[in-house]
Amino acid sequence: MLEGAFGLLEELARVGEAGLTELAARTGLPKTTAHRLLGQLGALGAVEQHRGRYRVGATVARLGQSWTAPRLWERKAAAPLRHLALETRATVCVAVPSAGRTTVVTGIAAAAREFFPHLPGQTLPPDSAADVVFAAAGPSAEPPSDHTPNQWARRLRGARERGADLHQYEWGGERLCLAVPVRARSGEIVAAVGVAVPDPRRIAHTTEVAQRSARMLSKAIGSIGSADT
């Protein structure tokens with residue numbers, strides 16, 4: 001039940017506003033279940049309804065202000081992300097592992113905002129490029145549902161060899177997302193810099209600039225480890 005409610009909130013955070021039918025289709029929930037959960041969220045102030053459409057409510061916004069991780073990363077990542085956004089003209093972000101999910105902590109929206117706005121607090125799909133970057137640095141993990149063990153192993157091996165992962169998927173058309181690791185002084189991967197690639201023909205340049213920006217961020221965070229995020 002909680003998973004379904006949070007799925008609805010995630011989708012509303014991504015699109016801004018949506019109707020019941022659209023939310024049910026995008027989250028995979030039965031329409032009756034989505035309607036019931038939205039009613040419960042509305043009673044708590046977590047969701048607002050306006051002219052038959054739903055949007056995130058004031059309660060969620062208030063609770064979100066107590067999440068301190070984005071403030072740290074906003075300061076540290078400001079210059080590296082500006083550099084990356086200017087060089088690529090792309091939507092860029094920094095994501096970190098949080099409670100078993102990969103979560104955006106700061107970003108700059110550009111042309112890709114319409115399909116994934118990269119807002120602070122937004123969780124990424126489990127097969128995202130950033131997830132691969134983190135999984136490649138750790139012990140063997142179970143593959144996501146849309147990967148076979150061999151496919152997942154190849155992606156992890158490629159990410160280790162290239163220092164980056166490029167994920168191609170369908171979301172209102174063909175999309176490409178790139179992620180590169182950000183390391184603390186200890187060598188531990190504590191974050192990923194992500195780019196919603198606007199021009200696949202410039203992927204080599206985009207990768208080079210993303211890795212440069214990740215090194216800038218690594219220097220900025222100094223000895224910060226995952227416990228501080």
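Keep in mind that glycine also has a Cβ here, set from the backbone N, Cα and C atoms.
Those TrEMBL annotations? Automatic predictions, nothing curated.
Annotated domain 'HTH iclR-type' per TrEMBL: 1-58, in sequence order.
Each residue in the domain 'IclR-ED' (59-223) has a pLDDT score, and their mean in this model is 85. Positions annotated as domain 'IclR-ED' by TrEMBL: 59-223.
Secondary structure of the domain 'HTH iclR-type' (1-58), assigned with DSSP and counted as helix (H, G, I), strand (E, B) and coil, comes to 36 helix, 10 strand, 12 coil.
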